[in-house]
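A.B. asks: Below you will find the structure I want to go over with you.
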Amino acid sequence: AVCVSLLGAANIPPQPLTFLQFNEMIECTIPGSFPLLDNMDCGCYCGTGGRGTPVDMLDRCCKEHDDCYAQIKENLKCSSLLNVPYVKQYSFTCSEGDLTCSDAAGTCARIVCDCDRTAALCFAEAPYKRRNFKIDYKTRCQ
């Protein structure tokens, strides 16, 4: 239920730790997936950037995740450079597809974890639509 591209995999730049934790969450909810590659270049919001109307459920999951991170950046608890969502470490557990964020409620770490958890669960429910992989961004993401 995810988009996968193996082309250019060797060119993936090092990712912030939170991105790696997010990928672990996706692996938990979608066993056998390749999270560093999945969801890249799918729709208008999965991958870098994002604009226009999401083209499907998976793309809506990505947009909601982007929006969640944008809200975190506005949160005073997460305003320092060490607390921005892309680098903030958090703690979570995975048991048979069930994700639990374990940092204290209300902390920046917990807020970031909750965003990633919600997105990972959303991805697990989103059907894969090949037609939305590597779409023409200029014409379909208005």
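Keep in mind that glycine also has a Cβ here, set from the backbone N, Cα and C atoms.
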A.B. asks: Which of D66, D67 does Swiss-Prot put in the same Ca(2+) site as Y45, G47, G49?
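C.D. replies: The candidate from D66, D67 that Swiss-Prot ties to Ca(2+) along with Y45, G47, G49 is D66.
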A.B. asks: Looking at the disulfide bonds in Swiss-Prot, identify which of C44, C46, C101, C108 pairs up with C78.
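C.D. replies: Disulfide partner per Swiss-Prot record: C108.
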A.B. asks: Among the recorded positions D66, D116, which residue has the fewest other Cβ atoms within 10 Å of its own Cβ?
C.D. replies: D66
A.B. asks: Find, for the listed disulfide-bonded residues C78, C115, the residue with the lowest Cβ contact count at a 10 Å cut-off, counting only other Cβ atoms.
C.D. replies: C78
A.B. asks: Could you measure between C78 (disulfide bond) and C46 (disulfide bond) for me? Cα positions, answer in whole angstrom.
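C.D. replies: With the alpha carbons as reference points, the distance is 24 Å.
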A.B. asks: Just the number: how many Å between the Cα atoms of C113 (disulfide bond) and G47 (Ca(2+) binding site)?
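C.D. replies: So the Cα of G47 (Ca(2+) binding site) lies 19 Å away from that of C113 (disulfide bond).
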A.B. asks: Work out how many Å separate C94 (disulfide bond) and G47 (Ca(2+) binding site) at their Cα atoms, rounded off.
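C.D. replies: Cα to Cα, C94 (disulfide bond) and G47 (Ca(2+) binding site) are separated by 24 Å.
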